[in-house]
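Enquirer: Got a structure here, written out as structure tokens. Questions coming.
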Amino acid sequence: MGDLLIMIRLVLRDNTREQVTLFLQKLSARVVSDYYERRAGSLEHENQALKDMCGPEMQTRVKKYEQEIADLQSACEAARSSAAETTPAGDVQKLQNELTVLRAENMILRRKGARGDAAGDIAQLEYDAQKDGAEADPLIIQDLSRTVEELERQVEVLKNENELLQTQLVACEEETAKGGSMAAAADIGAAKATGGAAAKMVQQLQQKNKALESQVEPMKKRIRELEMAQKRAGGGDEQRVKELEMKLKDAEAENRKQQKQFELELSKSSKGSGMELKKLENQVQKLTERAVNAETALDATDKQLKETSKERDGLKKEAEEMKKQMGAAQVIAAEVETLRGETKTQKAKLTELEESYKQEKFLRKKYYNEIEDMKGKIRVYCRVRPMAKYEIEKECKQSVFPVDEYSVKVLTSKGDKEFMYDRTFPPECTQEEVYEDTKRLIQSVIDGFNVCIFAYGQTGSGKTFTIQGGAGNPGIAPRAINDLFDTLDGFEKGKFKYEAEVYMCELYNNQLIDLLLPEDKKKTPPALEIKKDATGMVTIPGITLKKVADKETLAKTFAWGLDARHVSGTAMNAESSRSHLIFSVIVRVEDLVAGKRASGKLSLIDLAGSERVSKSGVTKERLVEAKEINKSLSALGDVISALSSGETFIPYRNHKLTQLMSDSLGGTAKTLMFVNISPADYNTDETVTSLMYASRVKLITNDASKQVESKQMAALKDKVKYLTKAVEKLKKGEDISELEKKFAEQEAADPSEPEGPPYTEKDEDFEEPPDLPAD
């Protein structure tokens, strides 16, 4: 098939349409010839099957006749294409007749082999008839007659087939002659060349035909003798005859079966040849289409090549122009490189200047804050918390941006606003960084100053986290407790002596509640009032004072008081403080060598957050709390506004919260305010309000002073406290023996240092501090 396709491609490429048509006609003739060759092969297979059924002697004879048939077929195939020119019609007919006779004779031999050597049976019957004086069996003779008739019919069939082959052969020769192609002429020449061989083969066939006729004639004679013997015998061995008839029927059935199989194979071969021819024609058509497509593609390629060449010429011109411009560009590049070097130098100088400016600005603000601190100005720190979970879920945007360490910018609907404070902490700052700028106030407590640190801001802005901290992340209060006792424990024993007391309360719904009150007194808690001592320090007579000897005890006391505080969840804070928390540590340090005593107080205040009911979503009891919180913060705002604007009257008495913070705002304390804000645009209004309050607080000036006194003065004050307490008890009719015993024990321990009751319980009218001029 591969060679045939190659030959078709060559024909399609090198010949015209007419030549291709002639080639296909010739190819059809060859296919028909191949068909008859395959048919002859099937006959050979049939002979082989019959040969296997015969005995050795019969096989030898069949093999001899098969060889003769093969020779005749070869001669017929060789002479087929040139029969019209080299062999007369009579010779062809003679060859066909000889072929028919040989085939008929071969069929007789096959039948004989299948029946088990019928000639031997006939001879045996003839012998029996002569011996008994009877004639031959008429059935045997009849069987032989039918065999002869069958042979004659087969000869007639073969004649018809031969005539059909001759007709097809002539048609193929005519088509080949009309084609006129060089290949057809070559085939005809080859056929003529084989004509002589065919003539020689015809002579051989004639000789073989004579030999066969000589063999057929004795058989005919034998048949006649058997017919005569039948007439004489008039009967015979019926059983033997039946057996022969059965064998004859089997042979005939086998012959019909082989004949049908031959016809079926002939039909299949014919169909296969037609389909193969049609397949070849389809392949030729596809190859023709491919050739046309290839020509079209070639034309397109040529067109594209021309366009590419034109474009290439244009690019060459552009390249030449670019080369001309390259020289000028190189000069410019050198100048640019020089400018780059100068720019780098200038950038380095600019960076250095910026660093110097930042450092100078930092130092300037630092020194300014120290000067303001020495003047008594309230220090204000701003701390921006990270975005809360609910703010992220609402897809809020950041509206607060720390500019540097001292200022913060807020994006509002009316434009950007910038606020400046003593320190600004961005959302990513840690608790350690916040406390680092706060801890120097702890030393002031030991030096005898009243120190107040409070956190202000809207609810959920991070006030409680700044003061108290969280699990594993302590805030200002726990860190201050540790630093305070670390410093006190560092004093040299024998030269210094100290004591510390603590009280803790909350302002809930405008009521003071003692958070350290023992359990047995919580049912009937004492009424707490707010007063001031002679130094201007706020005191709360009757509140529970607990002595603490170390930082562990103080930390436990602080945690215990927090557990009693009022907290509740809102829409903006899961644990919102519903009260203002006041945690105070009173420290007394005595210098035994110098004979002086310093008294200081550290107050940590966690204010409840201002809130809008529409945002916090509080109802019923929580709504009452929110109103009281906002009312107290409003009073605090009035005090801040009055102090910052330099008014003569400061409304401290408007609320208990302002009374508690009166020594921290415009009083004698060193005060630090944390303003805590949210970065989300959802809370921009509240953030701006808190920052404005913080800016006003920054303008307030306190009159901070140490509370240091001599040993004798301290002893006299303690004695006065003792006597005052004793008088009060006697007026009430109470027994003072226990108080006297305690005072006597203290005097015996240190006669020069008598001590009385705690000074915080001194009964004294509340006094307004003197008004200070505005800054």
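Note that Cβ sites are derived from N, Cα and C of the backbone, with glycine treated the same way.
Annotations in TrEMBL come from automatic prediction, not curation.
As the structure is a computational prediction, the values presented were derived from the model and not from experiment.
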Enquirer: Pick from 141-175, 351-385, 386-420, 631-665: which stretch is listed in TrEMBL under coiled coil?
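Expert: Of the candidate stretches, TrEMBL labels 141-175 as coiled coil.
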Enquirer: Between the candidate ranges 62-112, 470-520, 674-724, where does TrEMBL place the coiled coil annotation?
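Expert: Range annotated as coiled coil by TrEMBL: 62-112.
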Enquirer: Which sequence positions outside the region 'Disordered' (298-319), separated from its termini by at least 6 residues, show Cβ-Cβ distances below 8 Å to it?
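Expert: Contacts of the region 'Disordered' (298-319) (Cβ under 8 Å, skipping residues fewer than 6 from its ends): none.
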